[in-house]
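The next block holds one structure in the form of structure tokens; read it before the comments.
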């Protein structure tokens, strides 16, 4: 593809895209930074907080990348309005773009955490000793290894659809169209290996769905049992000499069951909010999948609403979700 055809958006559209992403990204940076600071300054160390820490770091990487993607594209070849970068800065963006997959994986692992602790009743100590090391190894190891491999192979170039740099145009000058002179591109296959089927990010999304369905069913059954227990205890009318003791015991048992039900319901709400945060990554995934299906810069004008609203919606939503999540820690 010729350099002149890298973008079919007008300069005004490019500027609008850059400007509208700044404020949501700043808000999300503030949110992620606060969560990281609170976790580091808190004396309580739990598997939940450490997983949340990893999720916040991944989210911070994603957020910082968004306003820089078009700016750090190579100025000599890119048609983006504010492109002042080089091939090296583009490669760096691609590296961190691949590393940011840890955000999606940590979302999935957090859903798995809720499934194990809420539904299966796994204790915090067992969770930290038996499961947590594998969670961090997968969430950090997979994106880091693939990011390093991509940098060594030199597969990171400016993408042909959307903003930024990732796996594209590899080998350089490749193309399988009739008007292309180079060899067929390997970048679509590598992109699927790095971030598509049947790999960890997609399996992570499936994990989120299944885990939260199971948590929902468990919470629903628990709340139903608690309500039935409370109705049964309230219907009792003790007539023995131990009536005062029985009433106190009934009141205590009812309070315990109610507190347990409220805690489980709160944890379930957190689990569903983390799952919804994963949805904010779908916009970027959609663009990358469309690029793999031969959508390119010629289609950007028709896809501009998706490109424009994606970052703003995603990070405003993630920002509001994050405030609730850390205000209600487990």
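Each Cβ is built from the backbone N, Cα and C atoms, and glycine gets one as well.
Please treat TrEMBL annotations as automatic predictions, because they have not gone through curation.
Feature annotation from TrEMBL assigns transmembrane segment to 12-30, 51-72, 92-116, 137-156, 202-219.
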Close approaches to the transmembrane segment (92-116) from elsewhere in its chain (Cβ under 8 angstroms; 6 or more beyond its ends): 47-48, 51-52, 54-55, 57-59, 61-62, 65, 68-69, 72-73, 85, 122, 127, 131, 135, 138-140, 142-144, 146-148, 150-151, 155-157, 164-167, 194-195, 200-201, 203-205, 207-208, 211-212, 214-215, 267-268, 270-271, 274-275, 277-278, 281
Which sequence-distant residues neighbour the transmembrane segment (51-72)? Criterion: at least 6 residues beyond either end, Cβ under 8 Å. 14, 17-18, 21-22, 25, 28-29, 32-33, 35-36, 39-40, 78, 80-85, 89-90, 92-93, 96-97, 99-107, 109-110, 113, 132, 135-136, 139-140, 163-165, 274, 281, 311, 315, 318, 322, 325-326
